[in-house]
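As annotated by TrEMBL, active site, proton acceptor applies to H254. Per TrEMBL, the feature glyoxylate binding site maps to Y24, Y129, R164, H254, R257. Annotation comment: TrEMBL describes 77-79, S106, Q127, T155, K230, S252, 285-289, 308-309 as FMN binding site. Look at TrEMBL and you will find 1-359 tagged as domain 'FMN hydroxy acid dehydrogenase'.
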Amino acid sequence: MEITNVSEYEAIAKQKLPKMVYDYYASGAEDQWTLKENQHAFSRILFRPRVLIDVSKIDLRTTVLGFNISMPIMIAPTAMQKMAHPEGEYATARAAAAADTIMTLSSWATSSVKEVASTGPGIRFFQLYVYKDRSVVTQLVRRAERAGFKAIVLTVDTPRLGRREADIKNRFVLPPNLTLKNFEDLDLGKMDKTNDSGLASYVAGQVDQSLSWKDVKWLQTITKLPILVKGVITAEDARLAVQYGAAGIVVSNHGARQLDYVPATIMALEEVVKAAQGRIPVFLDGGVRRGTDVFKALALGASGVFIGRPVVFSLAADGEAGVRKVLQMLHDEFELTMALSGCRSLKEITRDHVVTEWDRPRIAPRL
C-alpha cells in the first residue's frame with residue numbers, strides 16, 4: 001500500500017507491534033481527552049491565504065539556537081525506540097541527519113548518546129530528566145557534551161508520571177532484551193515488573209519531585225549548553241523560563257501523557273509566545289501530523305515544531321526509511337501550504353494567514 005500521509009503509519013505500527021509496546025507509544029493519560037484534542041484543535045484553525053504572489057521559489061530553511069536546518073520540523077524525544085524497531089534510535093538519527101534537521105534523544109533511550117553520535121554527523125539535542133542523585137544528572141550531561149550534543153532539553157512536566165491506564169493494564173515493562181543505555185554504569189536500578197506500570201514505579205523511585213526553577217539555574221552551572229525548557233503551557237511559566245535563563249521553550253503537554261484536560265498545545269501556544277515577547281524562541285510539540293499543522297504553529301508564533309509519535313510509528317512500520325518518509329512528507333506538505341498561502345519564506349508567515357475560534361467575532365462582517 002502506498003503511504004500518502006503521516007497518520008497512515010499508526011495503523012501499520014499497531015498491526016506490527018506487540019500490544020504492550022503499541023499501547024505504550026499510542027496512549028495518553030486517564031480519559032485521553034487531551035490526546036484527542038492535541039490533533040483535533042488544529043482543525044479549528046483556518047487559513048486566510050493570499051493569492052497572486054510569485055511562489056516559484058520557496059525557502060523552508062531556518063535556524064534553531066544558531067544551527068541551520070532544512071525546515072522548522074524537528075524530532076521530539078521519544079523513549080525506548082528499539083521496542084519499535086531493532087535499529088531504534090540509530091535509524092532515527094540517520095533519518096534526521098539525512099533530512100538535515102535536529103533529533104532530540106530521550107534520556108530513556110535504548111541507545112546511548114555515544115552510540116547515536118557514532119551514526120555520523122548531525123545536530124542532536126539531549127532530553128534530560130532530573131534525578132534525585134544529582135551526580136547522575138551531571139554524568140548524563142557530561143556524556144551528552146562529549147558525544148557532541150548541542151543542547152539540553154529539560155523536561156519540566158514530570159515530577160511524577162501521569163496515569164496511563166493502558167500501561168497499568170499491560171503491566172508495562174521494558175522488554176528483557178533492552179536496556180536504558182544512557183544509564184549504563186550509573187547504578188540507577190532496573191525497571192521491574194510491578195502490579196501496575198513498571199515505568200511509573202521506576203520514575204517514582206528515581207526522578208526528583210522537588211525539581212524547581214532554581215534547578216534550571218543549577219543546570220546552567222554544570223553546562224554551557226543552551227537549555228530548552230520542555231513542558232511549559234502558561235504565560236506565567238513562560239515569563240519564569242525567560243527570567244531563569246532558558247534558551248528557549250517547548251510548549252508541550254508530554255504528548256497528552258501527563259495531566260489530562262490541559263489544552264492542546266496549539267491552543268496554549270499563543271499565550272506562551274506573547275509572554276516570551278520575542279526574548280527567546282518558542283517551539284511546539286504535540287499533535288502535528290500535517291504540513292498544514294506546521295504552518296498554523298508558525299503563524300501563531302512558533303519558531304518550529306517537534307514530532308514524536310509519527311517517528312515511532314513510522315520506525316515500527318519501516319525503520320529508517322519510514323522516518324525519512326515522514327520527514328519528507330511533512331516537508332513537502334508544509335512547502336505546498338506555504339505556496340498556496342502566498343508565503344515564500346518563514347518570515348512571510350504571519351498571524352494574518354490564519355483565523356482561530358477566538359478571532360472570529362473580530363472578523364465577522366458588519367450587518
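Cβ coordinates come from backbone N, Cα and C, glycine included.
Predicted, not measured: the structure shown is a model, and the values here were computed from it.
In sequence order, S106, S107, W108, A109 are the residues near A79 (FMN binding site), counting only same-chain partners six or more apart with C-beta under 8 A.
Cα separation, P77 (FMN binding site) to R164 (glyoxylate binding site), rounded: 18 Å. For Y129 (glyoxylate binding site), the spatially nearest entry among the recorded positions K230, H254, G287, R289, R309 is K230, judged by CA separation. Residues Y24, Y129, R164, H254, R257 are the ones the record ties to glyoxylate, and the longest Cα gap between any two of them is 19 Å. Reported as a whole number, the C-alpha separation between the residue listed as 'active site, proton acceptor' and D285 (FMN binding site) equals 8 Å.
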